[in-house]
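The structure under discussion appears below in the form of structure tokens.
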Amino acid sequence: MWLEPGGSVGSNQRCISIFFVEFQMHFGRDYSGTAWIHSLVDCTTMLCAPLGSFIGNRLSCRVAVILGGFLSSIGLVLSSFATSLEYLYLTLGVLTGVGFALCYTPAIAMVGSYFCERKAMAYGIAMSGSGIGTFILAPVVQLLIEQYSWRGALLILGGVVSNLCVCGALLRPITLTEEEEAGGLAPLDSECGYGVKSQATSTLEEPLPISGQGRRCFQSMREYRFLLMPDFLMLAVSFLFLASGCSLPFVYLVPYALDVGVSHHQAAFLMSILGVIDIVGNITFGWLVDRRYLKKYRNVCYMIAVGMEGLCCLFIPLLRTFALLVPFSVLYGYFDGAYVALIPVVTSDIVGTTNLSSALGIVYFLHAIPYLLSPPIGGWLVDTTGTYTATFFLSGFALISSSLVISTVTGIRHCRRTQKHRQNNKDTGPKQETCQTSTQPQVKR
């Protein structure tokens, strides 16, 4: 069931790009103005991610997903009656985005509470719902547009998304067995979800005599203590660059394909290819990273996936036929699925599972402003230059910059571990020699 909320959110966000040309032709607006619709959906989804975490933590993930499914469905249905782009900004951009936010973060955070041994693969399978949905919905949406116009297609999508309410009702929260409760295991404190305190909360082990409002403030401070961690701050900078680049190909791949002479069905099929290969990237990369010899190199694997995605974007202006765009969709889709599956894993490695839900809320919140600004900036570049080259170069360099920042985080953590290991050896060395000297038998002369 975790697959369904995340998958529906991701696939519907990607399929909105298929409506791009329809909106542009119907309302007679330029690329920049039309791109604000996709920007607002992505931005609102990420901007309200902490709200989804808050509702999931205070009430339950089930309540958050049901409420989110209702709001996103209403937003899509109301969008089918749009009379202007400004109307779509509010309904499709803001209202639907808020609903997606309430569904996405709690459903993804629940995975970390259930899995420990194969966490990366579990996230890969959960995230693969986005690729499955894109693979199925992209050609279906194109057919719906041709048969019922874009208004009918949005109305039908609203009905499909309403099934998120059913998926939310089927989410089952984690519970401890009686033996675990008797043993005094605190829930959600280890990689599996209980037992060992995370790095972000290990310094707050002693209970404090606080009551009432003070206790709630202390709990909030403890919940977001990871914001003071240098590793997390560097990771946040990496996510800012990542969000600036990753959304542009999803917005402009279909318009670019149409611009170079690819048919509408082939352009939609490119999104389907991207979606199905995204599934392969989610699952296979998650499986690889869970191997014992790669488990400690998760950050490196994430860095490689993001960097390769950036390189793909730099080459897309050279691809001007459907036959050449297919390999791009394959490579970009694979590495996109790879890094998406590793975002919760890399975040969990830094903040611990205890704070994962709150940390993911912040992580997705950081995606908001780049998601809001990058598509209109990309559209402005298209309007100004008359080509898509600058837009895809912007995407590629932003993704490569994200990879370079995460490589800095990896290097700092490696140096810190090496220094700590040397310090431990230095501290324990003299003690061991003293112990060995004292235990040697004395020989009487």
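The backbone N, Cα and C atoms fix where each Cβ goes, and this holds for glycine too.
Keep in mind that what you see is a predicted model, and the values were worked out from it rather than measured.
The domain 'Major facilitator superfamily (MFS) profile' annotation in TrEMBL covers 1-413. On the 0 to 100 pLDDT scale, the model's mean across the domain 'Major facilitator superfamily (MFS) profile' (1-413) is 78.
With a cut-off of 8 Å between Cβ atoms, the residues of this chain six or more beyond the transmembrane segment (35-56) that come close are 9, 13, 16-17, 19-20, 23, 63-64, 67-68, 85, 88-89, 92-94, 96-98, 100-106, 109, 243, 247, 250-251, 357-358, 360-369, 371-376, 378-379. According to TrEMBL, the transmembrane segment annotation covers 35-56 (among others).
Positions annotated as transmembrane segment by TrEMBL: 63-81 (among others).
Residues or ranges marked as transmembrane segment in TrEMBL: 87-109 (among others).
What TrEMBL records for 121-145 (among others) is transmembrane segment.
As annotated by TrEMBL, transmembrane segment applies to 151-171 (among others). Long-range Cβ contacts of the transmembrane segment (151-171) within its own chain (Cβ-Cβ under 8 Å, at least 6 residues beyond either end) map to 1-2, 4-5, 8, 12, 15, 19, 61-66, 68-70, 72-77, 79-82, 92, 99, 103, 107, 110, 141, 144-145.
What TrEMBL records for 232-255 (among others) is transmembrane segment.
Per TrEMBL, the feature transmembrane segment maps to 267-288 (among others).
Marked as transmembrane segment by TrEMBL: 300-319 (among others). Distant neighbours of the transmembrane segment (300-319): 242, 245-246, 248-249, 256, 281, 285, 288-289, 294, 325, 327-328, 331-332, 335-336, 338-339, 342-343, 345-346, 387-389, 392-393, 395-400, 402-404, 406-407, 410; these residues of the same chain sit at least 6 beyond its ends, with a Cβ under 8 Å from one of its Cβ atoms.
Packing against the transmembrane segment (325-347) from elsewhere in the chain are residues 108-109, 111-112, 119-120, 123-124, 127-128, 130-131, 235, 239, 242, 246, 249, 253, 257, 262, 270-271, 273-283, 285-286, 289, 298-299, 301-302, 305-306, 308-309, 312-313, 315-316, 319, 356, 359-360, 363, 406: each is 6 or more residues past its ends and has a CB under 8 Å from a CB in it. If you look up TrEMBL, you'll see 325-347 (among others) marked as transmembrane segment.
Marked as transmembrane segment by TrEMBL: 359-382 (among others). Beyond the transmembrane segment (359-382), the same-chain residues lying 6 or more positions past its ends with a Cβ under 8 Å from any Cβ of the stretch are 30-36, 38-40, 42-47, 49-54, 101, 104-105, 108-109, 224, 226-227, 232, 235-236, 239-245, 247-248, 251-252, 343-344, 347-348, 350-351, 388, 390-391, 394-395, 398.
The list of residues near the transmembrane segment (388-412) in space but at least 6 beyond its ends in sequence, with Cβ under 8 angstroms from a Cβ of it, reads 230-231, 234-235, 237-242, 244-246, 248-249, 252, 255-256, 259, 299-300, 302-304, 306-307, 309-314, 316-317, 346, 374, 377-379, 381-382. The feature transmembrane segment is assigned by TrEMBL to 388-412 (among others).
Under the heading region 'Disordered', TrEMBL lists 417-445.
According to TrEMBL, the feature compositional bias 'Polar residues' maps to 431-445.
Under the criterion of 3 or more C-beta pairs below 8 Å, with sequence separation of 6 or more, the transmembrane segment (87-109) and the transmembrane segment (232-255) do not qualify as touching, having fewer than 3 such pairs.
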